[in-house]
Amino acid sequence: MSLRLVSPIKAFADGIVAVAIAVVLMFGLANTPRAVAADERLQFTATTLSGAPFDGASLQGKPAVLWFWTPWCPFCNAEAPSLSQVAAANPAVTFVGIATRADVGAMQSFVSKYNLNFTNLNDADGVIWARYNVPWQPAFVFYRADGTSTFVNNPTAAMSQDELSGRVAALTS
């Protein structure tokens with residue numbers, strides 16, 4: 001029976017290799033992209049005011065603003081010009097208006113009046129509003145790319161352009 005002794009140099013080299021492998025694995029795994037948290041509320045389909053299909057899941061993993069509005073709401077009318085400007089100034093953020101409680105003609109007139117050059121959906125039956133538990137208009141959901149969101153609903157005042165701009169800027173910072 002022969003006894004084999006490991007030299008101190010070989011043991012040291014093996015230790016260095018083990019540490020190097022651990023460091024590579026640790027930093028390699030730390031930099032692995034994380035999956036975006038799925039928001040079940042985005043699992044809806046709808047029709048835009050121009051009649052095109054829309055899939056809510058297309059917003060997953062992107063900064064986005066959902067704006068719940070009606071054409072007869074005074075606060076929605078007050079917010080619309082700001083939304084038009086803030087959306088135009090933030091092309092990295094997807095804006096989607098979700099209109100209800102009116103006929104399509106009134107919705108389309110509202111979009112035209114305020115030059116809302118972003119997607120607006122016809123939610124005449126209120127299904128999307130119900131998914132988000134929106135009790136009244138106007139309301140917003142601000143989505144960050146990681147899937148987290150903030151719901152804002154103030155039935156007593158329109159959101160100021162400064163507040164809207166700040167909330168939108170935070171989605172991409």
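Any Cβ shown, glycine's included, is placed from N, Cα and C.
Here is what Swiss-Prot says about this protein:
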DISULFID  Cys73-Cys76  disulfide bond
SIGNAL    1-38  signal peptide
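Other C-beta atoms found within 10 angstroms of the C-beta of Cys76 (disulfide bond) number 22, with every protein chain shown included. Over all protein chains present, the Cβ of Cys73 (disulfide bond) has 21 other Cβ atoms lying within 10 Å.
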